[in-house]
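Colleague: Sharing a structure, written as structure tokens. Questions coming.
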Amino acid sequence: MTKTRILNPTRFPSPKPLRGCGDANFMEQLLLHCATAIDSNDAALTHQILWVLNNIAPPDGDSTQRLTSAFLRALLSRAVSKTPTLSSTISFLPQADELHRFSVVELAAFVDLTPWHRFGFIAANAAILTAVEGYSTVHIVDLSLTHCMQIPTLIDAMASRLNKPPPLLKLTVVSSSDHFPPFINISYEELGSKLVNFATTRNITMEFTIVPSTYSDGFSSLLQQLRIYPSSFNEALVVNCHMMLRYIPEEPLTSSSSSLRTVFLKQLRSLNPRIVTLIEEDVDLTSENLVNRLKSAFNYFWIPFDTTDTFMSEQRRWYEAEISWKIENVVAKEGAERVERTETKRRWIERMREAEFGGVRVKEDAVADVKAMLEEHAVGWGMKKEDDDESLVLTWKGHSVVFATVWVPI
């Protein structure tokens, strides 16, 4: 790496883009070198690289610069946590934007900004509608990151598309003391009341149940609740997993035991659900090696930063603050605090098959609905069907972003 002369490595000047140094590959290499220096306790090299990064990656620059700035903040946070005295020697500590707490209306609009979540909503809802046709009771366990934002559209579809809407719709959600974005500014009790009232306007009777349960123990209390109160006659149990299972620890508890992630899926299979929908981001963030994890994250999180250039400034700030939170969690945290442990589509498919689930092909009408939705968004968004594993994949400029899969017990 070319040496950079630093007059005072402990004082960071205001960011100024350096000519010829703004390309993503250069920034990625600097970030990787910085991560290595931090974990090697090389304070001098850490200071040097942080200084360069600060100069080429202003937090209000282009998408690549903003992405790099987010990783810079994460590396600073990791460096300070490893060496607390370091904070007193660095005069510039860039602050991330505060995470916004959404109203229900704001969150619904926020989710609609990109297909990131809408893609999974549409694919999952279509599969659910097909699976529950003819059942008198539909019980949906919604393990979703988006606070039930998928459910109103599903209720609408049940009321309008099914030959005979179910006399009773039961919705179960988990409420935990553990939090990760997006945040909402109302309680789940209030949210449930709104959903029940909305279902009533569509002539559907709905029950809303909150189960205190946490990802950190594999949602054990939720599974216990479902075992205690099994499905009644002609009741379809649906488990909708939308970007939530990533938080269940994937590391084995002991050298001879399975991970909580594996245990959860096997216990879920024992409940014999009618259908399980699994929507996740297609990236591996589980490596114990920081450099490998950072490289994987950098080559994935450029996508959400690249998609926000057409957003209004406030929307972009909210959106990128959430991505920055993820980046900091992936880079700066370890152990139980590092909760962003997403796995690739391939690994999730292996897990589901090991738990004795079989994949179901997404119907053509769902594919058509996804295509119609994508036409409402920027031209970079696309979709591909993977015939070998029966999945749908959301893409940005040809790169895999989110996958949608549908599963039944075998």
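Even glycines carry a Cβ here, placed using N, Cα and C.
According to Swiss-Prot, the domain 'GRAS' annotation covers 18-408, on the basis of sequence analysis. Under the heading region 'Leucine repeat I (LRI)', Swiss-Prot lists 25-88, citing sequence analysis as support. According to Swiss-Prot, the feature region 'VHIID' maps to 107-188. The motif 'VHIID' annotation in Swiss-Prot covers 138-142 and rests on sequence analysis. Taken from Swiss-Prot, the feature region 'Leucine repeat II (LRII)' applies to 190-227. Summarising the annotation, Swiss-Prot assigns region 'PFYRE' to 237-329 and lists sequence analysis as the type of evidence. The region 'SAW' annotation in Swiss-Prot covers 332-408 and rests on sequence analysis.
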Colleague: What is the three-state DSSP composition of the motif 'VHIID' (138-142), stated as helix, strand and coil residue counts?
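Modeller: For that range the per-state counts are 0 helix, 5 strand, 0 coil.
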Colleague: Going by DSSP assignments with H, G and I as helix and E and B as strand, what are the residue counts for the region 'VHIID' (107-188)?
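Modeller: So the counts come to 35 helix, 18 strand, 29 coil.
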Colleague: Mean pLDDT for the region 'VHIID' (107-188), rounded to an integer?
Modeller: 94
